[in-house]
Amino acid sequence: MKKGVLIVSFGTSYREAEAQNINPVEQAISAALPGYEMRRAYGSRRIIKKLKERDGICIDTVSEALETLAVAGCKELIVQPTYVIHGYEYDELVEILREYLNQFESVRLGHPLLHQQSDYKELICGLNEVFDFRSSSDAFVFMGHGTGHFANACYPALEHQIQAQGFTNVWIGTVEGYPEITDVKEKLEQLSCQKAILAPLMLVAGDHARNDMAGEDEDSWKNILERDGIEADCMIAGLGSYAFVQRMFAEHALQAEEIR
C-alpha cells in the first residue's frame, strides 16, 4: 500500500447513528481520494471499549490505526478528522500524529468542518437549504457540543453570522460550552417565541441528541423549553447525514496540509 487515508471520528455506540452519519462521510472522503486505502479510527476509548464489549466490534484508536498503516507499507498518508471545530480532540490528534511522522514519507492533515470563513458560509447555506429558515416563524435552535477550549468561540461566531444573513430566528446553544440552553431560552422568551425546532450541530445524532436534547429527563433541552411554554420539536439528524457536509469534509481532505 502506497497511499492511505485515515478518517478519525470521536465515535458513537449507536449503530444506526454510525450508519447514517459516519459511514456517509467516510464514503465521500474515500470517493474523493481514489487510489487511497481508507482506514477508520475513533478518538473515544470509552466508545471503542463499549463497542467491543457489547457488540464484539473492534475499532482502532488513532495510534493503532497509524501502526497498522505503517506496517502495511503506507508511504503517503492523509488524516481527516470529522470534528466540527479545532478543539481539544483536534489538538490531541496533532500530537499523536507527530509521534508517527518518521513512519511515513508524508503525513497531511485536513481541517475540521469549521476552519475558515468560507466554511461558515457553506455551512449556513447548506443548513438553510435543509431547514428553509425563512419558511417558518418558528425558532430554530441548534445544539453544538461546546468545549472549554478557546475554539468554543466558533459557536457564537456562527450564530452571529447566521443572524447577520437575516436568519434572525436561528440560535446556537451548546451542551458543554457557551451559549448554554438557558442563554438561548432567555432570547426566545424575549421574542415571545411559541415554538422551536431543535436539531444537533454535531456530526452524529447520538447520546447528546437523543438524551440531552430530546430526552425525557427534566433537564433535556426539549423539557427546559416546554416548561416555559415553548413547544419543542426535535429532529434527530446529525450533520454527517447531510450531503453538503459530506462534501465539505471531502474537500478538506483534498486540501490537507503537511504536518511539520
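Yeah, the Cβs are placed from backbone N, Cα and C, and that goes for glycine too.
Binding site for Co(2+) per TrEMBL: GLU176, HIS208, plus HIS145 from the candidate set HIS145, HIS149, HIS252. HIS145 (active site, proton acceptor) carries neither a helix nor a strand DSSP state and counts as coil. Sequence-distant neighbours of HIS145 (active site, proton acceptor) (same chain, six or more apart, CB under 8 Å from its CB) are VAL84, THR174, VAL175, GLU176, GLY177, LEU201, MET202, HIS208, listed in sequence order. Ranked by Cβ neighbours within 10 A across all protein chains shown, the binding-site residues GLU176, HIS208 are led by HIS208.
Secondary structure at GLU176 (Co(2+) binding site), taken from DSSP and collapsed to helix, strand or coil, is coil.
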